[in-house]
Structure formats: C-alpha cells, structure tokens
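*Asks:* Mind having a look at this structure? Questions to follow.
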Amino acid sequence: MGPTKKGILERLDAGEIVIGDGGFVFALEKRGYVRAGPWTPEAAAEHPEAVRQLHREFLRAGSNVMQTFTFYASDDKLENRGNKLTFTGVQINEAACDLAHEVAKEGDALVAGGVSQTPSYLSCKSETEVKATFKKQLDVFIKKNVDFLIAEYFEHVEEAAWAVEVLKETGKPVAASLCIGPEGDMHGVPPGECAVRLVKAGAKIVGVNCHFDPLTCVKTVKMMKEGVEKAGLKAHYMVQPLAYHTPDCNCQGFIDLPEFPFGLEPRILTRWDMHKYAREAYNAGIRYIGGCCGFEPYHIRAVSEELAPERGFLPAASEKHGNWGAGLDMHTKPWVRARARREYWENLKPASGRPLCPSMSDPDGWGVTKGHADLIQQKEATSQDQLKQLFDRSKSH
C-alpha cells in the first residue's frame with residue numbers, strides 16, 4: 001500500500017491550494033457523450049472511456065480533485081420530461097465513482113461525490129421527499145468510499161442546506177456550492193446569509209459554482225466570506241465558475257442568455273483570462289479553485305500555472321506549454337515569435353471576428369423560480385402543445 005493521501009480539510013487547514021476540475025457536462029456534450037437539455041451523466045456507464053479520458057486530462061492539467069460525474073444523477077432528474085435511459089441512477093453513480101477513483105490513484109488527487117438540485121424541489125415536494133432523493137445517491141458514495149462530498153449547483157439555499165444535512169450524516173467532509181451571483185439565491189437570500197446557513201447546516205467548505213463568470217463568482221464568494229466572519233463562524237471557501245464572460249447576466253445567470261447553450265463560444269475566456277481569475281481568487285482568500293461549464297483542461301492548466309509559485313510545482317501538462325507563450329520563440333514566422341512574451345498576451349484585447357454581432361445580450365428573464373407553476377416538473381415528455389405555448393410566450397419577452 002502506498003502512503004495515505006491528505007484529506008481535503010487537512011490540505012485546506014494547512015493553507016494548501018486545491019485545484020478543482022472543469023465542467024464535465026458541457027465538455028462531454030461537445031464531444032458527443034451528453035445530451036443538452038437533460039444534461040444527465042449516463043456517459044459514465046455508457047461511454048466510460050470518454051469520462052476516464054477527461055478525468056485524466058484534468059489531472060494532467062493540475063486538478064487535485066476528481067469529482068464524480070454524477071451531476072443531475074438523481075432518479076427524479078434521470079426520469080424527467082421523457083428522458084429514457086438504459087441505466088439506473090445507482091449504476092450511473094457507481095460507474096462514475098469507479099472512474100474517478102481509478103484516475104485519482106494516478107496522481108495526488110482526491111475523489112469527491114456530488115449531488116445537485118432536484119426537480120423534486122422545484123416541484124414543491126416536501127423536505128422529507130427531497131432529502132430521500134439525496135439519500136439514494138449518498139448510499140452509493142458511502143459504498144464507494146469517496147473522500148469528501150459536494151452539494152453543488154443549487155439555486156436555492158434552502159434545498160442546499162437540506163442536501164448538506166443529509167451528506168454530513170456520513171461523517172465525511174462536506175462542501176456546499178450555490179449557483180448564485182451577488183444578488184443572492186433565487187428567493188433573494190443574500191450571499192452572506194446563504195453561506196451562514198450552509199455552515200450552520202454542517203458545510204466545512206462553502207462557495208459558488210456555475211451560472212456566472214470567474215470574477216463575478218469571486219465577488220460573490222467574498223460576500224459569503226464576509227457574512228460567515230461577521231457571524232463569528234469559520235469555513236473554507238471554494239469557487240468553480242463558468243468559463244464564459246457574463247457581464248450582461250441577471251440574477252439567474254447564463255441560462256437566461258439567448259446564446260445558452262449552443263451559442264456561447266464567443267464568450268469563452270482565454271487561458272490568460274484564467275491567470276487573472278486564479279490570482280483574484282487566491283488574493284480573496286479562496287483556496288479551493290476550479291471550474292464549471294465551459295472549462296476545458298487548458299483552462300485548469302492556466303490556473304495551475306498562475307498558482308505554481310504558491311504550490312511549488314507546475315502541472316504535467318505544462319511540459320507542452322511555454323510560460324506566457326514562451327514556446328512561440330520556435331515559430332517559423334517572425335511576427336508570431338514576437339508574441340512570445342507576457343506583456344503581449346496580458347494586454348491583448350481579443351476580437352470576435354463577428355462585426356455584425358453585439359458585445360452584450362438581453363437576457364430572457366422570465367422571472368420564475370421554485371414555487372411557480374411553470375417549474376412544476378413531469379415524467380412525461382414535453383408535449384407539442386406545451387412547446388407551442390412556450391414558443392408563443394417567448395415572442396412576448
């Protein structure tokens with residue numbers, strides 16, 4: 001047996017930087033293994049080689065955490081709106097845990113089991129019913145002995161706190177991550193109050209993921225940190241944002257943008273933007289720094305490279321990447337060799353190449369959330385009549 005790896009809290013308590021991974025559902029959708037819409041993770045069982053390879057690429061880029069590909073793997077989500085799968089939730093969750101463990105053993109990485117918000121909560125099911133949904137996933141994580149647990153991608157702090165209360169029963173460290181911005185959760189609870197509620201529920205690490213760009217997410221975590229400290233509580237902080245620029249988003253985040261999900265590429269952050277994000281997060285006192293939708297391994301490599309002085313090493317993927325474009329000094333064209341310097345890339349203002357497109361969008365913002373009839377979910381496929389009503393309604397927004 002090899003030496004025992006330090007746990008997540010041991011690392012954070014020691015002041016170490018923990019690098020998360022990226023957005024598996026978006027990355028695997030682009031590769032042809034995830035269906036946009038349900039965004040469910042059956043690829044862990046259907047195409048394990050694809051999930052394994054993506055884990056390996058993030059590990060090589062510097063990730064310390066292999067998060068199980070169990071996003072939206074609750075039974076109610078797997079069966080929502082006519083989604084028909086050949087694998088059960090248990091089979092998907094078990095396969096995802098096995099893949100994460102396999103790759104984590106190849107480096108100094110931990111395995112995190114994750115649960116996410118549920119259709120049951122949006123449909124106003126009871127606390128008991130929602131918690132029972134989390135408990136089904138938790139049984140697999142206990143069986144597969146993940147290192148710690150993450151309740152992530154929650155728009156409502158109430159549901160997130162319920163998830164934390166279930167997860168903490170295992171005795172494993174629990175992290176809780178909301179998909180909110182500076183305006184707070186979808187019921188208007190401010191970030192600071194959200195964080196306090198999560199810590200009181202039992203979360204040792206709190207923060208945000210998804211829905212907003214990196215600097216917006218860092219700003220939100222700062223507000224959470226201020227709230228926790230004002231309440232006299234203690235926690236570690238995490239941030240795993242989008243890899244898209246979202247200055248025009250409202251409180252719902254990028255899913256309200258008209259480009260979501262198939263036209264977001266013009267908003268993608270460069271690797272150099274990621275250097276700035278990593279430094280801002282570190283300076284804000286955040287020590288668990290990763291990514292969510294849109295993040296590819298090269299983005300995580302950029303985070304790892306920016307924080308290499310603090311971590312004391314570069315990731316393996318930097319073997320093929322010159323610092324701040326240094327590899328360009330070998331290019332055949334002299335004007336490209338002239339770009340082999342930090343000053344050039346740090347000050348570049350990238351063009352989109354789309355002269356007829358605006359720089360900002362007008363978010364949809366239908367203004368509905370949990371408790372509204374529009375968000376009551378169903379097992380049956382969305383009917384043509386239901387779609388027509390939505391198409392007609394969208395014309396008025």
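Here the Cβ of each residue, glycine as well, is placed from N, Cα and C on the backbone.
Quantities reported herein were computed from a predicted structural model and do not represent experimental measurements.
Sharing the record's features from TrEMBL:
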BINDING   Cys210, Cys292, Cys293  Zn(2+) binding site
DOMAIN    6-307  domain 'Hcy-binding'
*Asks:* Note down the number of other Cβ atoms within 10 Å of the Cβ of Cys210 (Zn(2+) binding site), including every protein chain shown.
*Replies:* 28
*Asks:* Are there any residues in the same chain, six or more apart in sequence, whose C-beta is under 8 angstroms from the C-beta of Cys292 (Zn(2+) binding site), and if so which?
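*Replies:* Non-local contacts for Cys292 (Zn(2+) binding site): Gly22, Gly23, Tyr153, Asn209, Cys210, Gln240, Pro241, Leu242, Ala243.
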*Asks:* With the Zn(2+) site defined by Cys210, Cys292, Cys293, which remaining residues of that chain have Cβ atoms positioned within 8 Å of the Cβ centroid?
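*Replies:* Neighbours found: Gly23, Phe26, Tyr153, Cys179, Asn209, His211, Gln240, Pro241, Leu242, Gly291, Gly294, Phe295.
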*Asks:* Within the chain of Cys293 (Zn(2+) binding site), which residues six or more apart in sequence place their C-beta under 8 angstroms from its C-beta?
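*Replies:* The list for Cys293 (Zn(2+) binding site) reads Gly23, Val25, Phe26, Cys210, Leu242, Ala243, Tyr244, Phe254, given in order along the sequence.
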